[in-house]
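Over in Swiss-Prot, the protein carries these features:
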| type | residues | note |
| --- | --- | --- |
| BINDING | 19-26, 63-67, 122-125 | GTP binding site |
| LIPID | Gly2 | N-myristoyl glycine |
Amino acid sequence: MGSVNSRGHKAEAQVVMMGLDSAGKTTLLYKLKGHQLVETLPTVGFNVEPLKAPGHVSLTLWDVGGQAPLRASWKDYLEGTDILVYVLDSTDEARLPESAAELTEVLNDPNMAGVPFLVLANKQEAPDALPLLKIRNRLSLERFQDHCWELRGCSALTGEGLPEALQSLWSLLKSRSCMCLQARAHGAERGDSKRS
């Protein structure tokens, strides 16, 4: 999905944003769009918005509801995903195991093979927010060796960390494009006719 520019980098990309309920996904979506804080209700289904990222990349960002009954449908949004953004509430240590399990399930889906992901530890402005190193360890992010990934702290409330999150999306998208081009080149060397 998406188009590639002359440098081999995607000019358009599909970004799926997932995470448990109350992580702040919808608030982040609209803050990334440059809006003031908006009052949100729990997302039933999805929200979709276009977004510009560094490098003149047009993103289509899908914000998928995170309540437990809706998670069974998450797999329906994964086909054609270029980048996954996984949002968690960094003040809710009790739900980190549940969040880790859901992230693992998403990344184990066949549609997610090699798809890079960005974990956004939201609500970092709160005094009880967990440090990123603790979140990284609790999610065991190092085990996802078949994916490029980044972990960023942010605040949908203050906007802190969101410019860096957009830069991370661009970096991960470039890594995905490079991996696809390398796979094609490697396939051509072997005489493989498959296309990535």
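Even glycines carry a Cβ here, placed using N, Cα and C.
Keep in mind that what you see is a predicted model, and the values were worked out from it rather than measured.
Ser22 (GTP binding site) counts 14 other C-beta atoms within 10 Å of its own C-beta, drawing on all protein chains shown. In the structure as shown, the Cβ atom of Gln124 (GTP binding site) sits within 10 Å of 21 other Cβ atoms.
Figure note: comparing Cβ neighbours within 10 Å for the binding-site residues Gly19, Lys25, Val64, the maximum is reached by Lys25. In three-state terms derived from DSSP, Lys25 (GTP binding site) belongs to a helical segment.
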